[in-house]
Structure formats: structure tokens, C-alpha cells
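Next up is a structure, given as C-alpha cells.
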Amino acid sequence: MAPSLLGGFTKSLAMTVLSEIGDKTFFAAAILAMRHPRKLVLAGCLSALIVMTALSASLGWAAPNLISRKWTHHVTTLLFFVFGIWSLWEGFKEDGDSEELAEVEAELDAAFKSNKGESKNKSKANDDTKKQQRPFLMQFFSPIFIKAFSITFFGEWGDKSQIATIGLAADENPFGVVLGGIIAQAFCTTAAVLGGKSLASQISEKMVELSSGVLFLLFGIMSLLSGPEGEL
């Protein structure tokens, strides 16, 4: 029996919400939205997350075509347990302070000051010359959009949520995984952009890690009890 669309959708939705709320890219979106137009930040961050979700799901979909579904199922089950224990460990280590928010803010502050200093040192040129000297992509997209996209995309690359999405798409319906992931990403990113730092500072990283750890373990148990074809 083929994996159900609803199963992939609900698992991806729940996993992505708990993985992204309080994540590094969530805080980055909140801080960027305080300094730049929200529409551009939201468009850049959300575009990166949609591309990453689709790419991760595609890798997961291709996995059973390269190795047997039985082995991809076992690997996915193992990943759920590993990420569950990892998240619980991180949660118990947290002391309640929003360390990741402070870390992301410090990194963005340093980058902002560096860019500001460089712009002051550059001599003024006419608009045509500036346009010719811009990188290819920046002739078509806003620099703020490119910045939000690149920070989010590379921040998610190799992240726990990306690897989990690959595993989930290998074991569940990939279209359901993509749909659930995109809806969850849209919800989390919009909340970060509209809420800004005031919302980000209210999030308990400890509770998010513990909740995601429990969810990963629950997925692992469900995957362990079900066979490679998704039947209990």
C-alpha cells in the first residue's frame, strides 16, 4: 500500500512547525524584518524555505529508487529516534535564556556594521554605473531579498529539519510532505516577520526542543510499529 497523502502532510506539518519555531532562521527572519521592509524579508525567507523543502523532499523521494524501501524505512526510523534523543538532550541542557536569538542578532549586527562601513568608503557613482557593477542576480532582485534568501537557505542547509524532511519524504508521500512543509514554513516565517524580536524573545527554546524531541520519538515509534509499506 502506497504511503498516504494525509499521513505525509500531517507529519510534515507538525514536524516543521516544531522544528522551525525558535530555529536560527526563525530568529534571523524576525531581526531582518525589524531593519528592512517586511514584504521583501518575508518573500526572501519564504522562497528559500520553499526551495529547501522541495529539494529535500525530492532527495527523499529519489532514495527508495536507489535503495530498497525496506532500508529507507529503517534509516528513517533510526533518524527519528536519533533526532528525538538529540532534541531532548538539547532541551534539558537549555537554561531558559534565548541564547540563539542573541547569537543570531550579534552575527547580523556585525554583518550590518561591516556593510555600512564599506558603503561609506565607496565613492558615489551615477545610477547607470552602479547598475552595471551589480552582480547579475541583483539586477533583477532586491539586495534585501537576496540577503534574506541566502541567510535562510544556507542556515537551513544540513539542519536537523532538512535531514528529517528527506527521511520523511523517503517513507511517506512526498507530495504530502512538501505541502505540509510549505504551509508550516509559511506560518512560522510570517509569524517571525510580523512578530519581530518581541515575539522571538518570548519563545522558550527549551520547550520547543523538548516538544520536538517528543514528536520525533513518537514518529520513530509509529515508524517502528509500521512496516516499510506503511501498514501497522
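Heads up, the Cβ atoms here are built off N, Cα and C, so glycines get one too.
On a predicted model such as this, the values are computed, not experimentally measured, just so you know.
Okay, these came from TrEMBL:
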type     : residues : note
TRANSMEM : 40-59    : transmembrane segment
TRANSMEM : 71-89    : transmembrane segment
TRANSMEM : 136-155  : transmembrane segment
TRANSMEM : 175-195  : transmembrane segment
TRANSMEM : 207-226  : transmembrane segment
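I'd like these features described in context: how deep, what's nearby, how far apart.
Long-range neighbours of the transmembrane segment (40-59) within the same chain, counting only residues 6 or more positions beyond its ends whose Cβ lies under 8 Å from a Cβ of the stretch, are 16, 20, 25, 28-29, 32-33, 142, 144-153, 156-157, 162-163, 165-166, 169, 174, 177-178, 181-182, 185-186, 189-190, 192-193.
Same-chain residues lying 6+ beyond the ends of the transmembrane segment (71-89) with a Cβ under 8 Å from its Cβ atoms: 63-64, 160, 163-164, 167-168, 170-171, 209-210, 212-220, 223-224, 227-228.
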